[in-house]
Structure formats: structure tokens, C-alpha cells
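*Asks:* One structure follows; several queries about it will come next.
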């Protein structure tokens, strides 16, 4: 057994302790309940979510998609079967007036901007996105608000029971995976609620995504592209662009933002092959000319491209609704890049301006100021989005600097990364932020998730996520070592070991400013030191300060005049932090 794995024993023991008691073996280590999942209507919201979690086969689903990615039609045919079993046909989805949005970076923010603009026109909006931050019902929204626990529970059991009843058919023997199920449920909710339009965020990819069952969207959008999910989408920007362009439909207008030459050419060719009119969005400054500057509700320079894409999508939707076609779409001139026609340069209306200003999208360039603590929350998880996150964080720090201010300031990084993402590359981008402490923890709010079904993840084990955190710490220590000494051949001296505690300590060289905690709650307790007026727990868990770095750092944090905490690397991590810092989100 490796030395790092030995340090997991305490954490694994704690994970096996459940308030309800009856968990054993692998189930205990994953936070799985041994109690049978209820399958009767009228059960509570948490019971519905626990049953939904039994469909968490995302890892197996992705492996299946990889094997079948030469034939996206296979994926769509499977989704059509699930749709039919649920009581709908593909033709029924044509009623939804869908805006379909894909991309690597900023697709969620683009959806949020678009939905808020159109809601300002008095339209009843539906909004489907992923992942959720605190509660799974955030993924399905009506008029910008997550559907109520009661509505979620009602639609969940109705759909779940329909699919269960049809499992006996020899041609339909399975239940859909987690994301597919929620996509189906969103369609049912939007149709029953009779929304005027539905903004649908594509999951992973485009061509193979289950949302691509949509035949006749009103308009499509592609936000900024980057490298992500390479095992599924391909290892180059061009291959990823081909995947994302898979949502284009014949005769349906589509818009994209400025992309590198190669991916832009792929999008152009993909659109031309199926006679999809594709337009390049002008920069936001072009739309501001002749009028007051546009104010965005989301911080960060990178939000400008998301906002200009949202304006074009909203305007196109309004145009097609009023004029029953795309003939009124005016093209200014061919762009120089990729020979794509440029989307119209127009004066945003007051509804559009107010929509951009009033947009809220939690966990993306979000600030929470609490006494001496300022929490900077951004779910960046690709190299491109992390670069944008670093720019935003440093600019926000610069704005808060006060000449002549006294007292020490401490910068803390709280980080995690999941899947096949290159955490070493992401951590390298964070080096210029000059953190005093780097803290790593899994995306587990508490050591036991039994009473928090919304945050359960059955696709990984506790061993796996903690070992990954230790890997993050090793990457961070190596980067600090390279910065401190250009002599790569020098032999570092390992840090002496401390007593076993709630901290997971692998003792890499020069790790004096980094810590690994077993869950988000323990990490926040150490960082905040009881100084956050909202996040207050009765007492820290036993052993929280057993490690020398934790005990000495606690004193520094207790005495600091200001503590700046950047939480990034994973939207799931940000969601867990928000659950603890903003308890109202769980109500």
C-alpha cells in the first residue's frame, strides 16, 4: 500500500459513519444508502433525488459514447426511444421554440444572458443547464427560477414510473442515464408549463449530446471553444469544433464568437455542408457605439463575448417570432476572419440592456464579502476559462487595494479538478496569483452525504477523489519548487510527518503552504477560522489543526486584516462551497 493511501484511513473511517446507520462496505465508502429507493408518487423531494442518483452512470455512458462516436445517429436513436417511452415524440419538441447553445467556455453564461434578456420582454422562459451547484432542480428553471421541490418531485415520479413500466419491452430494457433523464424531464416540464421559449444548454459535445434530438431550434449558438473532454470530443480544437457544430440544422440561423482560425473554419464548413446560415458576432464595443456603455451583471472581461452572442441570439429569436422567418436578418459585411458573414450591428434596446445588467449566474465570477473574508467563486475548469478566471481575480484584487491600508492580507486558493482534466496545467496558470496557501479537497460538502442527495456522486469512490487531491498537491508543490529553485537536479528534503488527523498529508517536498482536507466543510472551517459571520459551526472537528502547517496558518488567518479566497477548478466544488456559505440556496 502506498504511503499516500495510508493517509486516507481516517477519512475513510469517517465516511463510513452514517446518521441513518445502515450502510456497509462499498456503499458506505461511497455514501450510498442501503435503504431501498422509494418508487411511489407523493414522496419527498430528497427521496426523488436519491432515486435519480441511482441513474448516475455518467462514466459508463461516456465510455459507450467513445466507442460509438463514429455514429452520432446511434445516440440520437437511443434518445428517441427514451422520449417515446416517456410519452412524447420528437415532433412534440417543435412546439418549444428552443434556443440551442453549445461551446467549451461560457455557454452557461451565454444561456443566462439570453434567458434574462428575453424574460425582460415579458416572455415565459424555460431554461435547462448543467451541472447544478446546490440542488439538482436548478437545472430546470421557469422564468429564471429553479422549479419548486414539489414540481420537481411530481414530474420526476411521473417520468420515472413511465420509464419503469416500459422496461419489460424487449426493445427497451434500460433506464436512461442521469443527464438523459433530466433532459427528458425538462422537455416534459416546459411543455406542461407552456413556456414561450426554452433556452437549452448542450451537455458534453454537440453532435452526440442527447439534447441534439431537437430537430427545429429557432436559433443556435456556439460560445468560445477550448480543449476539454478530449477523450470524448478529440484532442484538437478542430475536432472539438466539429463536435460542437453538430447542433447546426438546415435553414436554422447560428451564431458564434471570435475563434482561432482552425476551429472557425471547421464551424464554417460544418454549417455550409447542411445549409445552415452561420454568422460571426461583432465585438460588444461595436454594439455600444452611439449609445451608453453596456453594463453586465457578470464580472470579467471574458463575459463580453458571451454577452454579444446572447444579444444576437435574443434578437434573432425575436425577429423570427415577429416575422415568421429569417429573411429580415441583415448582414453588415463579410468578416475578414474565416470569411463568415458578420452578424448585424444594432443598437440594443432597453430590454436588452436591462437584461444584461440584471443577469445572475451563481458560481461564475461571483464575489461574496463577509467581514474580513472575500470569497471569489468561479467554476473555471479548462485552460482558457482558468486564464480568464486569473485575470478577473487579479483585477478584482487590484480594485480592492487601498493605498496606506494597514494590516496583513492573506490569499488562499481552494482548488479541485475532476475527470480527465490536466490539473497541473490549471495550477500552473494560477501561480501568478501569489497565494499564501493552497488548499485542496474533494467535491464533498461533508464527510457523509447521506442527508444531502443533491450532492451525491456515485461515479467515483472516496479513495479516488482523495488520491486525486493528493496529486493536485504534489503538482502544486512541484510548481513552487521550480519557482523557488531553477536547479531541477537538486534533491529536496521531505517534510517531517505529523500526527494522523482530518488532514490528508502526503508530505511532498516544500509543501509548507499547501493542505489537503477530506471535505469542503473542513477546508472552509480552516480558512475562515470562525470569522465568516454566516458560516458558523459549533466547533472545529477534532484534529483539524494537528498538522504544523494547519496550526501555524490558523494563527495567521485569525490575525489577518483581510483574507481573499479564490475557489476554482470545478463547478461542483463551487456548488459545495455555496451550499455552506449561502444556506438559503438549500431551502
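Count begins at 1; order follows the chain as displayed.
Glycine is treated like the rest: Cβ placed from N, Cα and C.
Sharing the features that TrEMBL gives for it:
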BINDING   130, 201, 229  Mg(2+) binding site
BINDING   364, 378  ATP binding site
SIGNAL    1-22  signal peptide
*Asks:* Rounded to a whole angstrom, what is the C-alpha distance between residue 130 (Mg(2+) binding site) and residue 378 (ATP binding site)?
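*Replies:* Rounded to a whole number, the Cα-Cα distance is 15 Å.
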*Asks:* Do any residues at least six apart in sequence from residue 378 (ATP binding site), in the same chain, have a Cβ closer than 8 Å to its Cβ, and if so which, in order?
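*Replies:* The list for residue 378 (ATP binding site) reads 300, 363, 364, 365, 366, 385, 389, 392, 393, 566, 567, 568, 574, given in order along the sequence.
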*Asks:* Within 10 Å of the Cβ of residue 364 (ATP binding site), how many other Cβ atoms can you find? Include all protein chains, please.
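*Replies:* I get 26 for this one.
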*Asks:* Among the binding-site residues 130, 201, which residue has the fewest other Cβ atoms within 10 Å of its own Cβ?
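*Replies:* Counting other Cβ atoms within 10 Å of each of the binding-site residues 130, 201, the minimum falls on 130.
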